[in-house]
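TrEMBL has this to say about the protein:
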type	residues	note
REGION	103-210	region 'Disordered'
COMPBIAS	127-142	compositional bias 'Basic and acidic residues'
DOMAIN	236-380	domain 'Photolyase/cryptochrome alpha/beta'
REGION	486-507	region 'Disordered'
BINDING	Tyr516, 528-532, Trp568, 571-578, 669-671	FAD binding site
SITE	Trp603	site 'Electron transfer via tryptophanyl radical'
SITE	Trp656	site 'Electron transfer via tryptophanyl radical'
SITE	Trp679	site 'Electron transfer via tryptophanyl radical'
Amino acid sequence: MPETHCWTAPCANAVPASRLPKPIDRVYLARSIHRRHGCLSCNKRDHLIFDFWPLSIHFTNVQLLSPHRARMPLRASFFRPLLRSVSTTNLITATCRITTTPPHLLPRTYSTSPPTMAPKRRPASPPHDEDEKALDPKLAEHPDEDESETSKPPSQKRQKKSSSSSKRSAVVTGGPKVESQYGSSAYAKSGDDWHRSDFNPSPRGRTDSKTPLQELEAALKTHAPSKHNDAGDGKNVVYWMRMHDLRIHDNRALAHASALAQERRKKKKGGNLIALFVITPADYKAHDRGARRIDFVLRTLASLKKELDKLNIPFVVYTHTDRPRTSIGEKVFSLCKQWNASQLTANIEYEVDELWRDLAMLEQKDKGGVSFSLFHDCYVVPPGRVVTNDGRPYSVFSPWNRRWTDCIAKDASLIEESPDPEANDAGARKDSTVGKLFDLDKLGGGFGIPEELEGFECKDREYMAKLWPVSDGAPKQVLDNFMSGKGGETALDRPANEPSTKDVGGNTKESRLARYAEGRNLMNENGTSRISPYLAAGLVSPRECLRRTRALTKGKLQVGRDSGAAMWNTEISFRDFYGHVLAAWPKVCMGHAFITKYENVKWETSSSTLEAWKAGLTGYPIVDAAQRQCIQQGYIHNRGRMITAMFLTKHLLHDWREGERFFSLNFIDQDFASNNGGWQWSASTGTDPQPYFRIFNPLSQSEKSDPMGEYIRHFVPELKGVKGNAIHDPYRRLGKAEFEKLGYPKPIVEHAEARQRALRRYKNPGDE
């Protein structure tokens, strides 16, 4: 039933009854101002102003039967003109009832009885959906009550629910087996099982109060290299490139390694820089890396090798297949020793396995005389730095975003550009040790950049290379085009680096960046940056993104909704936020829901509906178009990701971990922190989630996000000939015979029924 609100006794500033639409019990409530703001006319805190369609009314002593309706702050400037323009006569004195049902869904006959459900016949215009209050739910406004609003630090309570097989960290088996709805069986794991992984099989007395990142940072202080950088007898420096920093420009660890090499060269102690990348197939398999993501990395490595070769820097790529996979640290130290290197640098990776790996390397007794230095580079503000006043991590984005922005404003070094590495002397090619590394690819034995990796063969490699190029300055072209290219164009098959039809400049209202707040929600437009694959793999630094937007806004970093640049900066902040969550609550790496109670939600196990969703055969065109874009391009428009994720978790009620794994295996921009954060947001199980009772209506989302149906027609060819609004709901808007000719499936679930089922399951987790 529609939500109902009651009020009594209007104050002296109420709208006259004669100005109200009739009948009074059918007034449409849009939203209300939060209690803490007080009355805009008389400043009394027990007064509220409601925004009615089409007027605003001021009442006192309001009783909100649905408390969440008061969670959305309203701008005071919107109401003041209305309040000043009305008289104070003929005030309302009767107690009335109102409903959130929109006027165009109300029955034609009026009565004084409570509102009834609207007829099922679809209106010509899209219905207002209170379950999707804002088109951009990630930034839906809600009170922050207190800057200290957080989730508790890593919990010590054991959870009976088993986690998914799509876990980011491979867990050593052991403990009681339980039947799982996600897979036939799994080992029961607790919320603090991040202590135990292949890279840390025995917790070794670690304190429960410390996360892996905190353990690593403490070890870095203990094992810090000496001031003179003479940790061993070796004369060279090795930079270990990883999965999130595949670039030469603005790279913290690479810049430091280059500085160390230059310092040794000045002291006549050699000083050649060597770059290393280790391919780890066992890790990729354990962490659900997909073939497209791996192919993107291999193509990038080949491009980087050419660039580094111009600097006389050898780039060694080694495929580590030794067992166990945890022996990678020993292998890296062994290579450093072979190459006469005394210093090793790398950027930190924040997933649990990777943190335990680096910690084990720091604590390794026999490093062969090699010092190991680690740097924060993946995120703008290092995880763990943005905390509440009492030092706790944030679990709500709004206060996090304010503090994140303050950190950058107070510490300009956070977005400073790191210097590019200096070239080795030409004599490096003749060096007895370093010279051999330039041709190491020819020797085999695991060295060299393979065209494809066994078990990760990319079947559409040529198309991916065309759509997502990596060489010849492609990442910079992608960013440049977003900043100054013309927005509002349809570009569903356009390569990411292909320029818009016109370069309009970054300071014009026509640019993609300027239109970002609007264009990013239109799935048929080139409204998003398409920089995500390059950010995920580190071909572009997030600091570079902020520096570019700041240059367009007079040196000030803007966040929020006020402009396209501010909105895009907020998305960079969101990326940092999910990395912060990953480090502060490592249980999310182990397949656990952030909100513990939702571990017990009863998920559906039907393979037919899951496979229909994966294949884009649900009967909901916007969902199917999104899924088919994933299959075809290894990518989905951001709005489509939210629509299809919520459809799987709320309409089909499949475990969010199924969707998380599917995206991970198929996306070229696969990034664990963002993927996990997005899925848990959609499933209402994560930090600062979409409330479970807000469930996207696929039809209204389709009509808002793809109003002309261009996106749907492009990716769902069966519907290419469907005209008008029927494209959004062909099953109900076309005749039976006409629909059957399409060869398109009927909807596999009915929205209203699916919504009610989801509400029951979430309200009482564990119930049917």
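Glycine residues also receive a Cβ, built from the backbone N, Cα and C atoms like all the rest.
The shortest Cα-Cα distance between Trp679 (site 'Electron transfer via tryptophanyl radical') and any of the recorded positions Tyr516, Trp568, Asp576, Trp656, Asp669 is the one to Trp656. Between the recorded positions Tyr516, Trp603, Trp656, Trp679, Trp656 has the most other Cβ atoms inside 10 Å of its own Cβ, all protein chains included.
Under the three-state DSSP scheme, Tyr516 (FAD binding site) falls in the helix class.
With every protein chain in view, the residue among the binding-site residues Ser573, Asp669 whose Cβ has the most Cβ partners within 10 Å turns out to be Ser573. The separation of Trp656 (site 'Electron transfer via tryptophanyl radical') from Ser573 (FAD binding site), Cα to Cα, is 24 Å.
It is 28 Å from the Cα atom of Asp669 (FAD binding site) to that of Trp603 (site 'Electron transfer via tryptophanyl radical'). Straight-line distance linking the Cα atoms of Tyr516 (FAD binding site) and Trp656 (site 'Electron transfer via tryptophanyl radical'), rounded to a whole number, equals 28 Å. The binding-site residues recorded for this entry are Arg530, Trp568, Asp576, and the Cα of Asp576 lies nearest to that of Trp603 (site 'Electron transfer via tryptophanyl radical'). In the three-state DSSP scheme, Trp679 (site 'Electron transfer via tryptophanyl radical') falls into the helix class. Taking CA atoms as the reference points, Trp568 (FAD binding site) and Trp656 (site 'Electron transfer via tryptophanyl radical') are 26 Å apart. Its Cβ taken as reference, Asp576 (FAD binding site) is surrounded by 25 other Cβ atoms within 10 Å in the chains shown. Rounded to a whole number, the C-alpha distance linking Asp576 (FAD binding site) with Trp656 (site 'Electron transfer via tryptophanyl radical') is 22 angstrom.
Of the listed binding-site residues, namely Arg530, Trp568, the sparsest CB environment within 10 A is found at Arg530. Note on the domain 'Photolyase/cryptochrome alpha/beta' (236-380): DSSP counts are 67 helix, 30 strand, 48 coil. Trp656 (site 'Electron transfer via tryptophanyl radical') is 24 Å away from Arg530 (FAD binding site) when you measure Cα to Cα.
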